[in-house]
Protein chains: 2
Amino acid sequence: MTQHLKRYLPILSWGRTYDRQKFNGDLVAAVIVTIMLIPQSLAYALLAGLPPEAGLYASIAPIILYTIFGTSRALAVGPVAVVSLMTAAALGNIAEQGTMGYAAAALLLAGLSGVMLLAMGLLRLGFIANFLSHPVIAGFILASGLIIAASQLKHILGIDAEGHNLLDLASSLIAHLPETNLVTAIIGALATAFLFWVRKGLKPALLRLGVSEGGANVISKAGPVLVVVLTTLAVWALGLADQGVKIVGAVPQSLPPLTLPDFSLDLVGQLLLPAFLISIIGFVESISVAQTLAAKKRERIDPDQELIGLGAANVAASVTGGFPVTGGFSRSVVNFDAGAETPAAGAYTAIGLAIAAVALTPLIYFLPKATLAATIIVAVLSLVDFSILKRSWQYSKADFAAVLATILLTLFVSVEAGVSAGVTLSILLHLYKSSRPHIAEVGLVPGTEHFRNILRHEVETDPRVVTLRVDESLYFANARFLEDSIQNRVAADPDIRHVILQCSAINEIDLSALESLEAINNRLDEMNVKLHLSEVKGPVMDRLQRSHFLDELTGRVFLTQFEAAQVARESCNDTQAR
Amino acid sequence: MTQHLKRYLPILSWGRTYDRQKFNGDLVAAVIVTIMLIPQSLAYALLAGLPPEAGLYASIAPIILYTIFGTSRALAVGPVAVVSLMTAAALGNIAEQGTMGYAAAALLLAGLSGVMLLAMGLLRLGFIANFLSHPVIAGFILASGLIIAASQLKHILGIDAEGHNLLDLASSLIAHLPETNLVTAIIGALATAFLFWVRKGLKPALLRLGVSEGGANVISKAGPVLVVVLTTLAVWALGLADQGVKIVGAVPQSLPPLTLPDFSLDLVGQLLLPAFLISIIGFVESISVAQTLAAKKRERIDPDQELIGLGAANVAASVTGGFPVTGGFSRSVVNFDAGAETPAAGAYTAIGLAIAAVALTPLIYFLPKATLAATIIVAVLSLVDFSILKRSWQYSKADFAAVLATILLTLFVSVEAGVSAGVTLSILLHLYKSSRPHIAEVGLVPGTEHFRNILRHEVETDPRVVTLRVDESLYFANARFLEDSIQNRVAADPDIRHVILQCSAINEIDLSALESLEAINNRLDEMNVKLHLSEVKGPVMDRLQRSHFLDELTGRVFLTQFEAAQVARESCNDTQAR
C-alpha cells in the first residue's frame, strides 16, 4: 500500500529526508525563478490572448500540484511559449480574444489536456508521445518560434493584426502598418534591442567586471525585469498612455480565483484535437528537460508518473483561472542552476508568485504591452534553429522531408496541420522504408563459416542454391515484397533447387508474413524448389511453432547458415548422382 | 524503345510466339469461362444494384484491355463479389438504385478507380497495397461474404429491404418479412439448395460415374447455367411472373454502349475514398490470384504492370457501361484449369460474352432474380471462413485484434469503416510493438566469444560493464524507450562505468534515434559512464559517419562484442589499479 502510494506520490519519498540545507537551496532558487517568472507569465498570457493575470494564476496552483505528483526535482511548470501559441491558435477559431467565452474556453482546454495527460499516465499510454519524431518536434518549434515572433510585432508597432499562420499575419500587419503608433514603436524597438544585448552581451560584460559565472547567469536572467521596471516608469512619468501606448491596465489584486470550465459538448468536440496535441507536445518538451536535468544528478524520471504530474498541473490550471501549462526549458534550467534541491523549490516559487499577484499587480498598471512583446520575441527567437534542416538533409532524406513538411504546414497553414502532417509523414516514411527492406543474396566467404553479400564480397556460391538474407522484420508491409522478390529471383533461373532464407536480422514475423511464407513455400514447391530457413531467432521460432508452417515447409530449419548451405548442396549432388 | 514498349505492353512478348496449339488451349478455356461468366456477370450486376446488362458490359471491354496490358497469363478480369458489394455500398449513399444517377455514378467509380490504379502503376506506388495486412483482408472478406449473403435474402424472399450493414439489413428484412412472395421463396430455396449440392455433391457423384477429374470440375462449374435455364423455363411455362415473381425483364440487345462518366466535382469528392479502397482491395485480390497461378508455370508477375492492366480494365469499364472490375479468383482458376495458355483466352471470352449480349439477352427475360441471388449466396458463402479467427488468436493477439476490428466494423458499420479501421489498427499495433522493443542484457557464455541474454543463460558479467542488445531497428517510436531503459538501468546502479550497445539486430537508426543516442551519450557522460557500440552493421555505420555522433561518443565502436567487453573491463581494471 505504502509502495503504491509512493509510486503515485513521489513527495512521500523526497519529503521524508527534507532538511535545513535542502530548504536553503530551494529557497534561493525559488526567489530567482520568481523574479524571472513575473514578466514571463504576463508575456505568455498576452501570447495566449488572455489577460495578464491569467499568466500569474497559471504559474501558481500548477506548480504546487506538480510538486506533489511529479518525479523531476528541478522541473518548473507553468505557461511556455509554444503551448501558449497553440492555445491562441486553438481558441482563435472559437471565440474573440478578450471575451468571457475565450477565457472560459482556455480553462476547458487546460482541463481537457489535464484529463488526457492523467488518463495517459494511469493507463501507461505515454508511448503515444513517441510518435512525435525529433525532426517533427524540431521543425514545429522552429516554425512556432517564427509565428510567435511575427504575432508579437503588432504589439511592438501598436497596431491591430490577426492570424494564426505567417501569411495571414503578414497580410494583416501590412494592412495595418499605416496605423503604427510611433511612441509604442520606439519603446518596443528599444526594449527588444536591450533584451538582445542582455542575452548576448551582458554576461560577457559582467564576467569582465569580475562577477562570477553563476552570478552573471542569474543577473542576466533578471534583464527582462529591468526592462519592465524602466518602461513602466517611463510610461507613467511621461504620460505616454495618453499618446496611444497600450498598457496592461488594471489587473485584479487577488489570489487565483476558483473557476469552472465551460463543459458544453460542442466546445469539447472542437477542442479535443488541440487539447490532445497540446498534451503531447507539452509532455515531450517537459520530459526531455526533466531527463536532461535528472541525468546530471543520476536520478530517474518515470515517464508515466510525469504524465500524472503534468495532468494534475493542467487540471489545477483549469480550476484556478489559468490556461494550458507544461515544464519549461529555460525556467527549469535556471531553477536547477540556482541550486533547487527538491520539488519544494516549486512550491516556494508559487508562494512568491501568489504574493506578486496580491501585492504587485497595481505596480504594473502602466507596463506597456510592447515590453511584454519584446520579452516574447527575444525568448522565442532563440528557439529558431535552422540547423535541423542541414543536419536532417545530410543524415536522411526521409527525416528531412518530415522536417520540411512540418515547417511549411505550420508556417503557412496552422500549427495543428503542421504537427499532424509531420507525424503522419514520419510514420508513412518509416513504413515505406521497412516495406522495401534490404534483401541481400549471400555467399560463403572462402575458408570461413561466414556468409556475406555477393555484391560486396568475393564469395562462393552454388547455382542450385540461393541464400537470401532479409535485413528487416517481416510484417504485413513487406510480406508481398518478399513474395515478389523470391518469385522473381527463382522464376528467372531454372537451375535453382533450394532457397535458403537467412533469418538472422528478423526480429518478428507477423501473421501476414507467415501467410506469405506459406505462399512462397507452396509456390516454390510448384517450381520443384525447396525452401529452408536458417538462424531463426528464439522468439520468432517460438511463434512459428504455434502455426502449421513448419509442418508444411518443404525444407528444414537450420541453426546456422553454414549447415544449411552444406546440406542443400549435398542434397543437390545426391539428386544428380542418382 | 522496344524494351520500353515491351514493359508496358506485355502482349508484344507473348504475342510473337502465338501459335495454333496455344490458340486451341485458349479457345477451349474461353468457351468454358464464357458459359460460367454469363450467370455470374448478371448476378454481380444485381449485387452492385445495376441492371443485368451492366454485368455483361463490365466483362467485355475490361478483359480485352487487361489482355493487352496485364502480365498474368491466366487471370480473368470482370465483376467480382466483394468489389460489387463495395460498389453498392459506395453508391447507396449517393443515389437511388435504378436511377440514371446511380448508373452514372457507377461509371465514375470505375473511372476513378481506373485512373488511381494507372497512376499507382506508372508512379510505382503498388506498395500502398501492402498496408492491407492479411488479417484485415481475411476479416474483410469474411464479413463482406456475410453481408452479401444477407443482402440477397430479399431477392430469395421476393421482398424489399435495404441497408449496407448487417443491422440495417436485418431490421429491414424483418420489417418486410410479412410481404414474402411464396412462389419466389420456393424458387429461391430450391435454386440455393441445388447449387449447394452442385458445389459439394455433384463432383463426387460424377467421379463415381467414371467422369474424369477435369471433366467433373468443368461440369460442376456449369451448375449455375443449368439452374438459370431451368428456373427461367419454369417461370415462362407456368406464368409465374404474374404471381409476383420478380424477373430480369427486357435487357437491351446490344454491344457495350459508349458511355461517359459524370465528372461533377461534388460526386468525385464523394467517391474518392470508396474508389481508393476498391482499387486497393481489387488489386490485392487480383495479384494474389495472379501470383498463385504464375508460380504453377514458373512465370513472373510484375505488380506495377498489373496495376496498369487493372487500371486500363477499369477505365474501359467506365466508358462502356460497366462498373468496377478486378481479377476474380474462381474464374481465373477455371480459366487456368481449362488450359488457357495466354491472355488471348480472355479476348476470346470477351467475344463470347459480346455474342451473348447481342444474341442471348431475350432468352433471359423470364429469369427470376431469386435465381441470381441464389448464385451469389452460394458463391460468397465459400468466402466465409471463420478459421482466421482461430489462427490469428493462436499466432498473435495483435493480428487477432486487427481481424476482429475489421469484421465487427464491416458487419455493423460499413465496409469502408471496416477496411479503414483494420488498416489503421494494424499500423498502430505494428508501431506499438516496435516502440517497445525487446532489450536484452547480455553476458559472455563461458569458454566462447558468444554473448547471450543473462536471464536465459548462465553467463559471465562484470558489475562495472553493462551490455544491452536491442532487438529492433532504432527509430522515432522507440528512441525515447531506449533513453528511458538505459537511464533507468544506469541510475539504479552506481557501480556501472561502461555501457555497451550491441547493435547486431539494428538495421536502421533514424535521426530521432541518433539524437536520442547523442542524449544518452551526454547523460551517461554526466554520470561518468562511457558509451560504446559493438557489431554495428555496414549501412548503419555509413550513415552514422555522416553525423557528428561518432566524434562525440565517449567510448568506441567495436567490430565484435567480445572485443568491446574485453576492452571495457581492462579499462576498469586500469582505473582501479591507478
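Just so you know, glycine gets a Cβ as well, placed from its N, Cα and C.
These features come from TrEMBL:
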TRANSMEM  B:27-48  transmembrane segment
TRANSMEM  B:101-123  transmembrane segment
TRANSMEM  B:135-153  transmembrane segment
TRANSMEM  B:173-198  transmembrane segment
TRANSMEM  B:218-238  transmembrane segment
TRANSMEM  B:271-295  transmembrane segment
TRANSMEM  B:345-365  transmembrane segment
TRANSMEM  B:372-389  transmembrane segment
TRANSMEM  B:401-429  transmembrane segment
DOMAIN    B:455-568  domain 'STAS'
Please check if the transmembrane segment (B:401-429) comes into contact with the transmembrane segment (B:345-365), where contact means 3 or more CB pairs closer than 8 Å and the residues in each pair are separated by 6 or more positions.
no
So, does the transmembrane segment (B:218-238) come close enough to the transmembrane segment (B:27-48) to give 3+ Cβ pairs below 8 Å, pairs being at least 6 apart in sequence?
yes
Cβ under 8 Å, sequence separation of at least 6 from the ends of the transmembrane segment (B:372-389): give me the contacting residues as numbers and ranges.
39-40, 42-44, 46-47, 52, 81-82, 135, 138-139, 141-142, 144-146, 148-149, 152-156, 188, 191-192, 195-196, 199, 224, 227-228, 248, 330, 400, 403-404, 407
According to DSSP, how is the domain 'STAS' (B:455-568) divided among helix, strand and coil residues?
51 helix, 22 strand, 41 coil
Excluding the flanking five residues on each side, which residues at least 6 beyond the ends of the transmembrane segment (B:173-198) place their CB within less than 8 Å of a CB in that stretch?
150, 153-161, 220, 223-224, 226-227, 231, 234-235, 240, 243-246, 368, 370-371, 373-375, 377-378
So what's near the transmembrane segment (B:271-295) in sequence-distant terms, Cβ-Cβ under 8 Å and 6+ beyond its ends?
71-75, 77, 80, 82-83, 86-87, 89-90, 94, 105, 108-109, 112-113, 116-117, 120, 126, 128-129, 132, 137, 140, 301, 303, 306-307, 310, 314, 324-329, 332-333, 336, 415-416, 419-420
Per-residue pLDDT averaged over the domain 'STAS' (B:455-568), given as an integer:
90
Residue list, the transmembrane segment (B:218-238) vs rest of chain: Cβ under 8 Å, 6 or more residues beyond ends.
32, 35-36, 38-40, 187, 191, 194-195, 198-199, 202-203, 206, 211, 245, 247, 334, 337-338, 363-368, 370-371, 374-375
